[in-house]
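K.L.:
Under the heading domain 'ATP-grasp', TrEMBL lists 9-241. TrEMBL lists K46, G53, R54, G55, E109, A112, E117 with the feature ATP binding site. Positions annotated as Mg(2+) binding site by TrEMBL: N209, D223. The substrate binding site annotation in TrEMBL covers N274, G331, I332, M333.
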Amino acid sequence: MNIHEYQAKAVLKEFGLPVSRGVPIFKPEEAEAAAKELGGPVWVVKSQIHAGGRGKGTFKGAPEGAKGGVRVTKSIDEVKQYAGEMLGQTLVTIQTGPAGKQVNRLYIEEGAQIAAEFYLSMLVDRETGQVAFVVSTEGGMDIETVAHDTPEKIVTFSVDPATGIMPHHGRAVAKALGLTGPQAKEAGELTTKLYAAFTAKDMSMLEINPLVLTGDGHLKCLDAKISFDSNALYRHPDVVALRDETEEDAKEIEASKYDLAYIALDGTIGCMVNGAGLAMATLDIIKLYGEEPANFLDVGGGASEEKVTAAFKIITADPQVKGILVNIFGGIMKCDVIARGVIAAVKAVGLEVPLVVRLEGTNVEQGKDIIRNSGLNVIPADDLDDAAQKIVAAVKKG
Ligand code: GDP
Ligand code: MN
């Protein structure tokens with residue numbers, strides 16, 4: 001689960017990390033009071049969306065030369081003007097894709113003087129099973145670009161959970177950033193606090209880009225992006241309260257209510273599969289035969305008829321879907337349950353696109369009978385290869 005920058009900074013502040021003072025606003029009318037509360041003399045008006053690259057982003061339909069989603073100004077009038085220009089508009093950045101994201105919240109911050117911009121992130125490194133730090137002097141830039149062009153400028157290390165964070169980790173950060181004396185000490189404190197925040201809140205990713213050295217020589221987190229481990233949210237109601245569902249895919253929210261593993265994709269073939277591995281294989285084979293999947297969906301091992309019905313409804317409600325492939329291997333899952341779920345869903349929401357069903361495993365004959373006798377226009381398939389070819393052909397024809 002992701003949160004907005006201003007929320008992430010509030011979390012960091014709880015752990016004593018240095019962030020700028022700021023006020024979130026939802027309406028342009030709130031801009032003036034927010035700016036006055038902060039006092040100036042420099043303000044930063046920051047679009048709050050769950051995507052980076054805002055500074056270099058552009059607003060849809062904005063006049064030529066209009067500035068990005070993060071703007072620095074010395075005038076309250078401009079704070080007001082920018083708020084009016086950003087709120088409600090669609091910001092397109094390299095991370096949002098061409099559709100962009102609507103800006104519904106702004107963060108008005110006091111402006112910081114920047115002497116140097118660094119990069120620092122933390123993530124759970126699955127290879128070592130430890131929390132890893134990624135640090136670079138190349139701040140404010142896309143880290144993928146840095147990794148590609150100048151990989152020697154990136155320093156990484158991971159923290160053994162048995163010892164936790166140690167002074168040498170802080171020294172490694174300071175060294176990577178070329179900091180000495182009191183600034184190295186500050187880097188050490190920052191490293192310790194970041195690790196505390198990361199582990200206490202069960203984060204899966206924390207990115208500070210840029211981490212800056214201010215004009216008066218102190219470190220400050222100028223941007224903050226946090227993702228939390230969804231599997232640990234049950235023990236963080238305060239984090240769950242920060243969720244902004246308008247930033248998430250409506251279909252994914254619906255799927256999460258039924259405990260379905262669902263991810264929306266860009267293609268045309270809706271997939272209902274059980275088991276993550278089989279689901280991945282299904283996406284691959286659709287691509288192999290020349291079409292693109294509209295989603296990843298794992299209904300799980302022991303799905304109920306109700307869950308299957310919900311899954312089918314989510315797929316059919318997607319206007320991008322031009323055909324549906326149900327691919328089930330009934331191990332724990334029984335084929336007749338799947339068949340009944342599909343039929344219940346079709347009766348409830350109708351079926352306007354071709355549907356290919358491939359069933360195999362427990363109760364397969366009962367499942368096939370249920371579908372055969374349903375009177376529905378279902379294209380049966382014998383194996384995965386056959387199923388993929390049939391749904392691709394049906395979608396191409398339609
Ligand atoms: P992003 O583009 O979505 O990553 O948004 P950031 O929060 O990183 O802001 C983009 C850029 O705006 C930063 O890299 C800084 O160069 C600049 N910026 C952000 N806050 C301030 C500030 O307080 N003062 C100044 N001078 N520049 C800032
Ligand atoms: Mn940034």
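Residue numbers in this text run from 1 along the chain shown.
Cβ from N, Cα, C; glycine included.
Any TrEMBL annotation is an automated prediction that lacks curation.
These numbers come from a predicted model, not from an experiment.
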K.L.:
Using C-alpha atoms, which one of the binding-site residues N209, D223, N274, I332, M333 comes nearest to A112 (ATP binding site)?
P.N.:
D223
K.L.:
Among the binding-site residues N209, N274, point out the residue whose Cβ has the most other Cβ atoms within 10 Å, with all shown protein chains included in the count.
P.N.:
N274
K.L.:
Report, in whole Å, the straight Cα-to-Cα distance of N209 (Mg(2+) binding site) from G53 (ATP binding site).
P.N.:
10
K.L.:
Do any of the binding-site residues D223, N274, I332 touch ligand 2, in the sense that the CB is under 6 Å from one of its atoms?
P.N.:
D223
K.L.:
List the residues in the vicinity of the substrate site, defined as same-chain residues other than N274, G331, I332, M333 with C-beta within 8 angstroms of the site's C-beta centre.
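P.N.:
Output for this site, in sequence order: G275, G300, G301, G302, A303, I328, F329, G330, K334, G361, T362.
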K.L.:
For D223 (Mg(2+) binding site) and E109 (ATP binding site), what Cα-Cα distance in Å is obtained after rounding to a whole number?
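P.N.:
D223 (Mg(2+) binding site) to E109 (ATP binding site), Cα-Cα distance: 11 Å.
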K.L.:
Are any of the binding-site residues A112, D223, I332, M333 near ligand 1, with a Cβ under 6 Å from it, and if so which?
P.N.:
A112, D223
K.L.:
Max Cα-Cα distance in Å among N274, G331, I332, M333, the residues listed as binding substrate?
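P.N.:
Largest Cα to Cα distance for the substrate-binding set is 10 Å.
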K.L.:
In the three-state scheme derived from DSSP, which category covers E117 (ATP binding site)?
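P.N.:
Note: E117 (ATP binding site) is in a strand by DSSP.
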K.L.:
Is it possible to get the count of other C-beta atoms within 10 angstroms of the C-beta of E117 (ATP binding site)?
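P.N.:
There are 17 such Cβ atoms around E117 (ATP binding site).
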K.L.:
Using C-alpha atoms only, work out the spacing between G55 (ATP binding site) and N209 (Mg(2+) binding site) and round it to an integer in Å.
P.N.:
12
K.L.:
Same-chain residues six or more away whose CB lies under 8 A from the CB of R54 (ATP binding site)?
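P.N.:
Set apart from R54 (ATP binding site) by at least 6 residues yet with Cβ under 8 Å, we have K46, S47, G68, G69, V70, L91, T93.
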K.L.:
Could you tell me which of these binding-site residues, G55, G331, has the greatest number of Cβ atoms within 10 Å of its own Cβ?
P.N.:
G55
